[in-house]
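The annotation active site, proton donor/acceptor is assigned in TrEMBL to K80. Marked as NAD(+) binding site by TrEMBL: G181, L182, G183, K184, V185, G186.
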Amino acid sequence: MTVWQELDKDGFEQFIWCRDQESGLRAFIAIHNTKRGPALGGCRLWPYASEEDAVADAMRLARSMTYKAAAAGLAYGGGKAVVIGRADDPRNEQQFEALGRFIERLGGSYWTGVDVGTTTAHMDAVARFTSYVTDMTGSLGGTDDWTADMTAYGLLHGMKATAKRIYGTDRLHGLTIAVQGLGKVGWALCRYLHREGARLMVTDLSMRLVEQAVLQFQALPIAADRIYDVPCHIWAPCALGGILNLSTIDRLQCRIVAGSANNQMASPQQLHLEALQQKGIVYAPDYIVNAGGIIATAAELDGDGPRRIRSRVKRIAHTLEEVYHLSEAEGITTAAAADRIAEHALHSYE
Ligand code: NAD
């Protein structure tokens, strides 16, 4: 299938190839859907091996932003920008200024922000040429780790809603929670969970982060390759995607999987979703439970202050309850229920 056929099949509205000779910028902007409002989705900076890889990533990410925003009830659509390059390229500033000029030409149908590989400094460069940008210096999203903190806050409330369903109470006090990955989101999550009185088991590739978590949260350190085997109430993947396959699912000893990582199931997804379900493990769909960051960004664009933003992020719990209800009523996986809710929000929007 050609890239054009794929764009057509997935219902993309616009796909732009951005090339700036002077700065060496090579980027793509994918606008998947703007039915609910302007496309929102950060800009990834990555040394893609080929243009095809960058196109595929932009398409996958933009499409999932549409679903994430729609399921969260936001008046925004889904898009993504990917820049082929490296964060240590001395031409970064000029490249992101050039990207700002391309985004400006789109007239507000796409808003960018920080994603993997980009920082507030990149967004400051974009902002010199367009106002359709978030996460610059001076914005809430430009504050260190604020988006990750909101993602963790949403995840906390998603865990509470799921615990209520399984254990009859949303109190996490005394529950054992295994956290894979102590980066920006995983760390903030541990801070919230520790305050709630949860018992933490943690792992990361960085021993420094694990040691810090042991000191700060009295967490139990677990070797990275053993985290799948620990008996716990909730298993929280907050590192990379694609970690749940038949062999890792077989090792899990939990009742709930709820984490921030995107695309947690290895391919084919359906097989692994069903394997989890057969084991009696409730899966909190990733794009529902990790939507705190985008909800917060949208709320900031809508002019909300920090208090109102938190209360909007907290509503992730209600969305999840809807997902579980639909999944039970229709006998479908929680991921399929999430897709139905997102698609309904997309198609019924006037
Ligand atoms: P991060 O890069 O700050 O942290 C990831 C951490 O995972 C790092 O500390 C890394 O050492 C660790 N890690 C990587 N592989 C590991 C492994 N095999 N075992 C244990 N630890 C491992 O990233 P982040 O911003 O915290 O995001 C975490 C995940 O959540 C990512 O999948 C990201 O796409 C997703 N996510 C993040 C946000 C956000 O607001 N930052 C929002 C939605 C989704």
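Each Cβ is built from the backbone N, Cα and C atoms, and glycine gets one as well.
All protein chains considered, the CB of K80 (active site, proton donor/acceptor) has 28 other CB atoms within 10 Å.
For ligand 1, the recorded positions lying close by, meaning a CB under 6 A from one of its atoms, are G181, G183; the full candidate list was K80, G181, G183. Here the C-alpha separation of K184 (NAD(+) binding site) and the residue listed as 'active site, proton donor/acceptor' works out to 21 Å. Other residues of the same chain near the NAD(+) site, with their Cβ within 8 Å of the Cβ centroid of G181, L182, G183, K184, V185, G186, are A148, V179, W187, A188, L189, D204, C238, A239, S260. A 10 Å cutoff on Cβ-Cβ distances gives G186 (NAD(+) binding site) a total of 27 other Cβ atoms nearby, all chains included. Look at K184 (NAD(+) binding site): DSSP puts it in a helix.
Residues near G183 (NAD(+) binding site) in space but far in sequence (CB under 8 A, at least 6 apart, same chain), listed by position: A148, D204, L209, C238, A239. For K80 (active site, proton donor/acceptor), the nearest of the binding-site residues by C-alpha distance turns out to be V185; the candidates were L182, V185, G186. For L182 (NAD(+) binding site), the same-chain residues that are 6 or more apart in sequence and have a Cβ closer than 8 Å to its Cβ are C190, V202, T203, D204, S206, L209, V210, Q212, A213, C238.
The highest number of surrounding Cβ atoms within 10 Å, among the binding-site residues K184, V185, is found at V185.
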